[in-house]
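Engineer: Here it is, the structure, as structure tokens.
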Amino acid sequence: MDELPPEQIQLLKKAFDAFDREKKGCISTEMVGTILEMLGHRLDDDMLQEIIAEVDADGSGELEFEEFVSLASRFLVEEDAEAMQQELREAFRLYDKEGNGYITTNVLREILKELDDKITAEDLDMMIEEIDSDGSGTVDFDEFMEVMTGE
């Protein structure tokens with residue numbers, strides 16, 4: 001549960017409590033599809049059953065709050081990653097002025113300096129060398145993503 005920010009956990013608690021009509025501290029796994037749809041995720045029955053089986057570890061047919069958070073966090077974290085990739089794609093496009101699918105290592109150097117004004121020239125050189133392993137002097141979007149996300 002530690003990968004979600006407290007405000008998201010509070011939001012999930014409100015949603016959970018709304019579905020926990022009998023105030024038993026758990027909700028029926030039958031509600032999972034409805035909840036995921038409210039979060040903007042429509043899943044087919046097979047996928048839904050697979051997720052429920054994974055999350056309802058004790059097979060009770062009910063989800064305790066921790067199980068519910070575990071389920072919801074998969075979707076929330078995924079969306080955050082997608083949103084971040086979209087933002088990085090936009091940023092890359094801004095720097096790729098010619099629209100040719102890459103930026104120069106000099107441009108990347110400027111971006112990295114803007115993000116971290118304490119970075120040394122040596123660190124920058126090492127990073128650029130690692131990223132531009134073929135020595136082409138250019139960085140494509142995938143390489144840019146790798147630098148920005150560390151993945």
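Using the three backbone atoms N, Cα and C, a Cβ is placed for every residue, glycine included.
Okay, these came from Swiss-Prot:
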DOMAIN    7-42  domain 'EF-hand 1'
DOMAIN    43-78  domain 'EF-hand 2'
BINDING   ASP56, ASP58, SER60, GLU62, GLU67  Ca(2+) 1 binding site
DOMAIN    83-118  domain 'EF-hand 3'
DOMAIN    119-151  domain 'EF-hand 4'
BINDING   ASP132, ASP134, SER136, THR138, GLU143  Ca(2+) 2 binding site
Engineer: Across the domain 'EF-hand 3' (83-118), what is the average pLDDT of the model, as a whole number?
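Structural biologist: 86, rounded to a whole number.
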Engineer: Relative to the Cβ of ASP132 (Ca(2+) 2 binding site), which residues of the same chain, six or more apart in sequence, are found under 8 Å away?
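Structural biologist: Once residues fewer than 6 apart are set aside, ASP132 (Ca(2+) 2 binding site) is near THR105, THR138, VAL139, GLU143.
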Engineer: Can you tell which of GLU67, GLU143 has the most other C-beta atoms within 10 Å, given these are the binding-site residues?
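Structural biologist: Sorting the candidates by Cβ neighbours within 10 Å, the top entry is GLU67.
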Engineer: Relative to the mean position of the Cβ atoms of ASP132, ASP134, SER136, THR138, GLU143, the recorded Ca(2+) 2 site, which additional same-chain residues have Cβ within 8 Å?
Structural biologist: TYR102, THR105, ILE131, SER133, GLY135, GLY137, VAL139, ASP140
Engineer: List, by number or range, the same-chain residues at least 6 past the domain 'EF-hand 4' (119-151) whose CB is under 8 A from its CB atoms?
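Structural biologist: Tertiary neighbours of the domain 'EF-hand 4' (119-151) are 84-85, 88-89, 92, 101-105, 108-109, 112-113.
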Engineer: Report, in whole Å, the straight Cα-to-Cα distance of SER136 (Ca(2+) 2 binding site) from GLU62 (Ca(2+) 1 binding site).
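Structural biologist: Between the alpha carbons of GLU62 (Ca(2+) 1 binding site) and SER136 (Ca(2+) 2 binding site) there are 56 Å.
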Engineer: What whole-number Å value do you get for the CA-CA distance of ASP58 (Ca(2+) 1 binding site) and ASP134 (Ca(2+) 2 binding site)?
Structural biologist: 51
Engineer: What does DSSP say about SER136 (Ca(2+) 2 binding site): helix, strand or coil?
Structural biologist: coil
Engineer: Spatially, which candidate from the binding-site residues ASP56, SER60, GLU67 is nearest to SER136 (Ca(2+) 2 binding site), comparing Cα atoms?
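Structural biologist: Nearest in space to SER136 (Ca(2+) 2 binding site), counting only the binding-site residues, is GLU67.
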Engineer: Looking at Cβ-Cβ distances, which residues of the chain lie under 8 angstroms from ASP56 (Ca(2+) 1 binding site) while being 6 or more apart from it?
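Structural biologist: Looking at Cβ-Cβ distances below 8 Å from ASP56 (Ca(2+) 1 binding site), excluding near sequence neighbours, one finds THR29, GLU62, LEU63, GLU67.
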Engineer: Near the Cβ of SER60 (Ca(2+) 1 binding site), how many other Cβ atoms are there if near means within 10 Å?
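Structural biologist: I get 12 for this one.
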Engineer: Excluding ASP56, ASP58, SER60, GLU62, GLU67, please set out which residues of the same chain place their CB within 8 Å of the center of the CB atoms of the Ca(2+) 1 site, keeping sequence order.
Structural biologist: CYS26, THR29, VAL55, ALA57, GLY59, GLY61, LEU63, GLU64
Engineer: Once the DSSP letters are reduced so that anything not helix or strand counts as coil, what is GLU143 (Ca(2+) 2 binding site)?
Structural biologist: helix
Engineer: Pop the Cα-Cα gap between ASP134 (Ca(2+) 2 binding site) and SER60 (Ca(2+) 1 binding site) into the table, whole Å please.
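Structural biologist: On Cα coordinates alone, these residues lie 55 Å apart.
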